[in-house]
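Right, one structure below, let's go through it.
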Amino acid sequence: MSLAMPLLNQERLWRSTQELAAFTLPDQPWTRRAFSDLFLQSRQWLLQQFEEAGLSVRMDAAGNLIGRREGCKPGLAPITTGSHCDTVMYGGRYDGIIGVLAGLEVARCLNEQNIQLDHPFEVVDFLSEEPSDYGVSCVGSRAMGGVLSEAMLAERNPQGETLAQGIARIGGRPQELAQARRAPGDTAAFVELHIEQGPVLESRNLPIGVVSNIVGICRHRIIITGRPDHAGTTPMDIRRDALVGASLIISEVDRKARRALGGPDYLVATIGNLNLTPNASNAVPGRVEMMVEVRSDRQELMQNFTEELLTQLRPEIEAMGLGLDAAQVSLAKPTDCTPDVMNIIEQAASALGYQSMVMPSGAGHDAVYMAPSGPMGMIFIPCLNGRSHCPEESITSEQLLDGTRVLYQTVVMLDQSLES
């Protein structure tokens, strides 16, 4: 079966992508942190785009921005797409935003072609998919999945603001968070378009990836406490240097993760965030706070990694006169995509003349937390050299159009198949 290409506007889609990406700190491209003034400005721009596309727009209690187009059969749950518009520091232009803007372009096309789906169609900009300044990632989608806990809401950013206060500041209603939750059956299907963030599709010259599963992510906050002292007058043999203790953990995280290479399970571990106090060249570090992130397709392996490592190193660290405290901050379980949705994505790609491959995702996504509410799938497109979370992250307008075409066709086919 072959189909005519959806009548999407490639130039408009690409222009929208560049306009949204331009909301960045000028000296730190591409940086648009959730909860920041820039993020709120980009949200105002996006809200206007949603409204111009004929979508009714609302912000739910968790701070997710939702555009909705009603279906022609009352009572049906929505087919939902979307992703996130926040970035990491010095991130990329396309991570997250293409999933939101591709959904917007699908809505525009449906509107312009006067095509009415049976199901409502929703486009969601989820709040803070990237790890926020409060130490919590996937804030909005966790709330939709019903797993944004009170402990997470109580986490504070460096300025002392709680996550709950941050959600309220940007227009959410954290005291009504239960209203944002989607119970099983509340979503007819969820499909997220995303850049691969890896090199596989590009290396195989394939335009489309059909995601089979999404790895789990477990994050622990570790705090090493010693004693801050003068760097010039404190003898080496009486120092309680917190950074020296932290270095043991940093080295062992790398060694332990590398030992898993070649094994039957996927596992990677990273310490990408490190805060020193007093953080001065002439002072012995008295406190180090770090975040250990472990990703795996096997939950037990992922959760045990950091705890086993700390049990091993605690005696040596405490023998140095240092304190060691650790707590799990967040956990996202490994999640399988729904086979029926995967099949429809494959069929949609094939019908439009695109080759595709089934592949796992080593990155976390909002789709994980949408899975409990209904069938879930993801579409990948290639990115240059597999680079992501860096300014060098790059795609072409043709690659974005390819992915958006497959998303459009997937939505149309889901509308038909779910109804039947």
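From the backbone N, Cα and C atoms, a Cβ is placed for every residue, glycine too.
The structure displayed is predicted, hence computed values, not measured ones.
As recorded in TrEMBL:
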type	residues	note
BINDING	His84, Asp95, His194	Zn(2+) 1 binding site
BINDING	Asp95, Glu130, His389	Zn(2+) 2 binding site
BINDING	Arg219, Asn282, Arg295	allantoate binding site
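Feature map: TrEMBL annotations on the structure.
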residue : record                  : Cβ neighbours (10 Å)
His84   : Zn(2+) 1 binding site   : 28
Asp95   : Zn(2+) 1 binding site   : 27
Glu130  : Zn(2+) 2 binding site   : 20
His194  : Zn(2+) 1 binding site   : 27
Arg219  : allantoate binding site : 22
Asn282  : allantoate binding site : 9
Arg295  : allantoate binding site : 23
His389  : Zn(2+) 2 binding site   : 17
Based on DSSP, name the secondary structure state of His389 (Zn(2+) 2 binding site): helix, strand or coil. coil
Taking the center of the Cβ atoms of Asp95, Glu130, His389 at the recorded Zn(2+) 2 site, which other residues in this chain have a Cβ no more than 8 Å from that point? Thr87, Val88, Gly91, Gly92, Gly96, Glu129, Gln197, Ser388
By a three-class reduction of DSSP, Glu130 (Zn(2+) 2 binding site) is assigned coil
Cα-Cα separation of His389 (Zn(2+) 2 binding site) and Asp95 (Zn(2+) 1 binding site), in Å? 7
Any idea what the Cα distance is from His84 (Zn(2+) 1 binding site) over to Arg219 (allantoate binding site), rounded to a whole Å? 20
For a quick check of understanding: given the listed allantoate-binding residues Arg219, Asn282, Arg295, what is the maximum Cα-Cα distance in angstrom, as an integer? 36
Three-state secondary structure, Arg219 (allantoate binding site) (per DSSP): strand
Rounded Cα distance, in Å, between His194 (Zn(2+) 1 binding site) and Glu130 (Zn(2+) 2 binding site) is 14
